[in-house]
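Asker: Straight out of Swiss-Prot:
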ACT_SITE  His117  active site, pros-phosphohistidine intermediate
BINDING   Lys11, Phe59, Arg87, Thr93, Arg104, Asn114  ATP binding site
Amino acid sequence: MAIERTFSIIKPDAVAKNHIGAIYNRFETAGLKIVAAKMLHLTKEQAEGFYAEHSERGFFGALVAFMTSGPIMVQVLEGENAVLAHREILGATNPAQAAPGTIRADFAQSIDENAAHGSDSLASAEREIAYFFSAEELCPRTR
């Protein structure tokens, strides 16, 4: 098993419903350590930059509008096979298809407002972490 880091967002819908603590509890209960975290209210430019890979897709404008509609939590999680572990905790992108007990099944209302984002690969995690955090902001958890 490999110790990895992954990137996570708690989206505006889940922040507005005060689910931050419950979601953090899910991460930690699953063995993922939070090594960096901050609350942000994304600008349009930040959201467009982060989601640039989707800029030609029909849902891009709605995605940017949603992600700038309120505060978000961004965090870096660390643990064994963190990318896969985090995605399993999140559940399917569409909460209607998410397994019971996953974050999206429990806290999301729709595929558009689906509570959370997680990196889909180590390469994505590295890029997404660097978008929001400097190396100095990452705090190794040795205890």
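A Cβ is built for glycine as well, from the same backbone N, Cα and C atoms used for every other residue.
Note that this is a predicted model, so its numbers are computed, not measured.
Show me how these features fit into the structure around them.
Answerer: Residue density at His117 (active site, pros-phosphohistidine intermediate): 20 other Cβ atoms are found within 10 A of its Cβ, drawing on all protein chains shown. Reduced to three states, the DSSP call for His117 (active site, pros-phosphohistidine intermediate) is strand.
Proximity of Asn114 (ATP binding site) to non-local residues of its own chain (separation of 6 or more, Cβ distance below 8 Å) is seen for Lys11, Asp13, Thr93, Asn94, Pro95, Arg104, Ala108, given in sequence order.
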Asker: In whole Å, could you give the widest CA to CA gap in the ATP site formed by Lys11, Phe59, Arg87, Thr93, Arg104, Asn114?
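Answerer: Taking every pair of listed residues, the largest Cα separation comes to 22 Å.
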Asker: Where's the emptiest Cβ shell within 10 Å among the binding-site residues Lys11, Arg87, Arg104?
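Answerer: Per-residue Cβ counts within 10 Å for the binding-site residues Lys11, Arg87, Arg104 bottom out at Arg87.
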Asker: Rounded to a whole angstrom, what is the C-alpha distance between Phe59 (ATP binding site) and His117 (active site, pros-phosphohistidine intermediate)?
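Answerer: Approximately 16 Å lies between the Cα of Phe59 (ATP binding site) and that of His117 (active site, pros-phosphohistidine intermediate).
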